[in-house]
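What TrEMBL annotates here:
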{"type": "TRANSMEM", "residues": "B:12-30", "note": "transmembrane segment"}
{"type": "TRANSMEM", "residues": "B:61-78", "note": "transmembrane segment"}
{"type": "TRANSMEM", "residues": "B:90-112", "note": "transmembrane segment"}
{"type": "TRANSMEM", "residues": "B:132-150", "note": "transmembrane segment"}
{"type": "TRANSMEM", "residues": "B:162-185", "note": "transmembrane segment"}
{"type": "TRANSMEM", "residues": "B:191-212", "note": "transmembrane segment"}
{"type": "TRANSMEM", "residues": "B:219-239", "note": "transmembrane segment"}
{"type": "TRANSMEM", "residues": "B:245-265", "note": "transmembrane segment"}
{"type": "REGION", "residues": "B:270-337", "note": "region 'Disordered'"}
{"type": "COMPBIAS", "residues": "B:279-289", "note": "compositional bias 'Basic and acidic residues'"}
{"type": "COMPBIAS", "residues": "B:299-311", "note": "compositional bias 'Basic and acidic residues'"}
Amino acid sequence: MSERPPAIRLRGATIGYGDVPIVRDVDLTVGSGEAVAVLGSNGSGKTTLSRGLLGLATVLDGEVQVLGAPVGRLRERGRVGYVPQRHSISGAVPATVREVAGVGRLARLGLFRRLGATDRRAVVDAVAAVGLADRLDDPVAALSGGQQRRVLVARALAAEPELLIMDEPTAGVDAASQEALADTLAAISASGTTLVVVTHESAPLAGVLTRAVVVDHGRIAYDGPLSGAAHHDEHLHHHPPERQPAGYRMDQPTVTSGPRTTADRER
Amino acid sequence: MGLLDYDFMQRALLASLMVGLVAPAVGVFLVQRRLSLLGDGLGHVALTGVAVGVLTATSPVWTALVAAILGAVLIELVRARGRTSGDVALAVLFYGGIAGGVVLLSLAPRGQATNLDSYLFGAITTTSPQDVAVFAGISVVVLLSVALLGQRLYAVSDDEEYARAVGLPVLGLNVVLAALVASTVVLSMRVVGLLLISALMILPSAIAQLLARSFRETVLLACLIGVLVSVSGTATSFYTGTPSGGTIVLLAIALFLLVTSAVTLRESTARRRHRRRVDVHDAHPHEHGTACGHPPVPHGDHVDYDHDGHLHAPHHTGRGVHYDEHGGHPVAAPPNR
């Protein structure tokens, strides 16, 4: 058996939206099985970096490889799990926890195959892993905010991904749910899944994540043990870059129909 | 004289049965995507198709189908390119379609242009045996597609960005959904008319989502409601001599209002019952905790307390601790939970 390729490999990568670069000339390698926090203040480019790994932002220059294949050309879908930064999942039409989590499994099945017995079991296991086994057939709208975020984690886990990318999983989640999430992530990490967690507060998951990458002004400012990033991160929080307008979360996707400005693209 | 003694009514009821079944099955995805008016936009485009059919003396059903599907694909491509917002693209399609239809129809030789009304508002009794055959074909194709791709369509309608991130063919699925909508529009043209098409796609879903707990339930219930209002509306229109489209839509709206008020009533009585139960707890007040003597019962993300056979769920409010009644459990809760 040959050595597994690194989960993530960026070589001189420039990532942005349209033709505006947000993250510039980044080199980063994350080995298989690592648990990495991507830290940075609002507008630093940490979310853009993660979206570049998912094919949601454009790679403008350099090389971005995910699980050994260039991003966007990954043939074996479903190997990457994604937990978006969303606070609620109740859409217009009711759906149960089982149905929402089941969506995570679809990417593995090609275009027409239905969920088989193995797939259905994986969905049930994923929901159990986030501690919602008794809510499987409840409508997601009946769950609390923290529970809904755990359903999104279950959706990503249902694919049994090799690489799990999460965007602010602890934001707006109460302490008890954060602990439950940390336990779940520890178990996932122990099973060999690579974790990449984009967050502005690493404390709730400090027991799980071992390595930190701090992004500042679109470049990597620190890459090393999580404990060493504390000072760096603290510094960034107290002195936000001046170009950032007050009160505007640059790392939160916003939908605007007005003329595009630089701020619009710095999602 | 019975309804089914007339050949044209048999065909009309058959057509309304198919429309009632198919329109909600597609419409529920539009509701989920918050794109309820796409059906209307494509209906307007279909009018241009009808006009082309009339002018060239080909069957208007086919030309309408081609026009609606072209419009559907176009709007998805515009949305995917992202230069114009979906909203504006839809508006352009709306007005372009209906203006093109009206202008082209006015160019038709005298006598033919007069049946514009039957396309705008439906003329179910003019359904020919050939139409029924074409409708059956469209119905089978649409229902098969939904059965085959339903879960993917749900995934894309629910969270497009997630679907893209995990590698589902988002653009392809969106185009397929738009094409299904276009086919449904053409199918519904005769029964409810181009101006009322969206009603049969949206209203049954709107009613079903008030009652259902899961997406699957919503789809099945919406189809059932669709068939119910469509067939009974057509039958009613026969006796009252009113246009079938308007009758069906009014029936659906009446049902929607009825269900909405029933659900509202149920919720308000549930709130009153909740207040009464809170009073029960207030009658012998203390704060539940490890030492209060009431057995704790884990319940989801919190702990209830077994209080004389009913479960109390404490939660903090601005004015202190408030207890919800989480009934439904037997007096003796399982000790290992």
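Keep in mind that glycine also has a Cβ here, set from the backbone N, Cα and C atoms.
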Among B:12-30, B:61-78, B:90-112, B:162-185, B:245-265, point out the range having the most Cβ pairs under 8 angstroms from the transmembrane segment (B:219-239).
B:12-30
The transmembrane segment (B:61-78) and the transmembrane segment (B:191-212) contact flag, 3+ Cβ pairs under 8 angstroms:
no
Answer with yes or no whether the transmembrane segment (B:132-150) touches the transmembrane segment (B:191-212) by the criterion of at least three Cβ pairs under 8 A, sequence separation 6 or more.
no
Is it the case that the transmembrane segment (B:162-185) and the transmembrane segment (B:132-150) touch, counting contact as three or more CB pairs under 8 Å in which the residues of each pair are 6 or more positions apart?
yes
